[in-house]
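Annotated features in Swiss-Prot:
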type	residues	note
DOMAIN	4-185	domain 'UmuC'
BINDING	8, 103	Mg(2+) binding site
SITE	13	site 'Substrate discrimination'
ACT_SITE	104	active site
């Protein structure tokens, strides 16, 4: 069996700010966009979470829950510097590191000789090193598969770790809510519940054929995770699959001309970002997102070989007139999906 560690920093952005300014340590603190500009919360410290402040929450709502909240815009350079140091600590134990974001990563320590080969002790040492070298805390989950390692990292937060051994997998899964499986949101959970399926234990008694009938390919994922099967490898060279930019507006817009001007502005930023990862600007798809004042949204995409502003404007124009239904627009976003590297190489050969 493999030995997988999932390391998750504790309220990372806020923790960096509290470390660098101890006056922030015991007060409700959040990182995010201002309520005047209709921003959202990126992360919140534990004093703020006690008031119900959560990541991805509109900043205005956060202030309603916690009027005394201290809000900071964030310092991405500081967070990236800390993240790089953390990555260097991981590399002392294994080259098999799959970063998921600045503040979390999977590690495969199956072949590591450190700490006598004990994944539990390796996780403990990593957390101790992060604490002593960066004055930050991390939580960790240790399990034979990625799915359970990630769940385990949530069970002893903050500044703790949890181990699921091979012998503990089945007992652990029996009562595990299906909502813990990635991809099971509120809608899917409701459909599962209608079938009498609430826990992984319920799925274990349910025919795979029925799951496939009701949920298609995702039915197999549900069945496998509920049986403790997750064959996904750690991917050290995890490839970026998309690039996007978006802007939340200070006031809703109701006229196409304002949206068009914003898309012109966002396009320049998207092109700049894309050139950093794909100088040729070759892509697989490009698209537009509009979020309305009622928080519903529409995303429209076209298959397109190269980043193209005219096409993006046409997509946006169609979405504006077909999906808006006279609602105000509060957010506009542009994104591209990158080509699979093998496919891109083949296309270049074909074009050459």
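In case you wondered, yes, glycine gets a Cβ from its N, Cα and C as well.
Residue 103 (Mg(2+) binding site) has a Cβ environment of 22 other Cβ atoms inside 10 Å.
Taking the Cα atom of each, residue 104 (active site) and residue 13 (site 'Substrate discrimination') are about 12 angstrom apart. Put simply, residue 103 (Mg(2+) binding site) is 9 Å from residue 13 (site 'Substrate discrimination') when counted between their Cα atoms. Within the group of recorded positions (8, 13, 104), the Cβ with the highest number of other Cβ atoms inside 10 Å belongs to 13.
According to DSSP, residue 8 (Mg(2+) binding site) is assigned to a strand segment.
In the predicted model, residues of the domain 'UmuC' (4-185) average a pLDDT of 94.
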